[in-house]
Amino acid sequence: MINDIKWVQAQRKATDWRQAVEIATRPLVAYGAAQPCYVNGIIENTLNWGPYYLIAPGIALPHARPEQGANYNQVSITTLRTPVAFGNEECDPVWLLLCVSATDANAHILTIQRISQFIDSPQRLTAVGNASTDDALFALVSG
């Protein structure tokens, strides 16, 4: 799902959902998959509509609309050292953020399908949560 270690971040520290989103989007912005305004789009959308991207207990899929700053299709994966609350009783606290930059609806759907297959394995998720370094996390999510 991830083809380069630059897209993974293991055991990062965030104090709240906003900081978690900012951290999770850093690779997307740093390597050009998204513009800085994309981060603001996710935060503004969350403030307006709530955390619409929480997909399972502990798992968030932060993303904004393509026109909010997506440059090309990419996923970044971030695990948090200490899970944070996003304000959703069913999914809080969140420890895994799969941040998506998608340029159109078709790309978004294909990415969601790949992520669904990825998170379908409890054993894989446990290993991802236990990965203590970027290298260890990349070994689990590459391919």
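Glycine is treated like the rest: Cβ placed from N, Cα and C.
Copied over from Swiss-Prot:
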ACT_SITE  His63  active site, tele-phosphohistidine intermediate
DOMAIN    1-143  domain 'PTS EIIA type-2'
Per-state residue totals over the domain 'PTS EIIA type-2' (1-143) - DSSP helix, strand, coil: 66 helix, 33 strand, 44 coil
CB within-chain contacts under 8 A for His63 (active site, tele-phosphohistidine intermediate), separation at least 6: Ile42, Tyr53, Cys99, Val100, Ser101, Ala102, His108
For the domain 'PTS EIIA type-2' (1-143), what is the mean per-residue pLDDT, to the nearest integer? 95
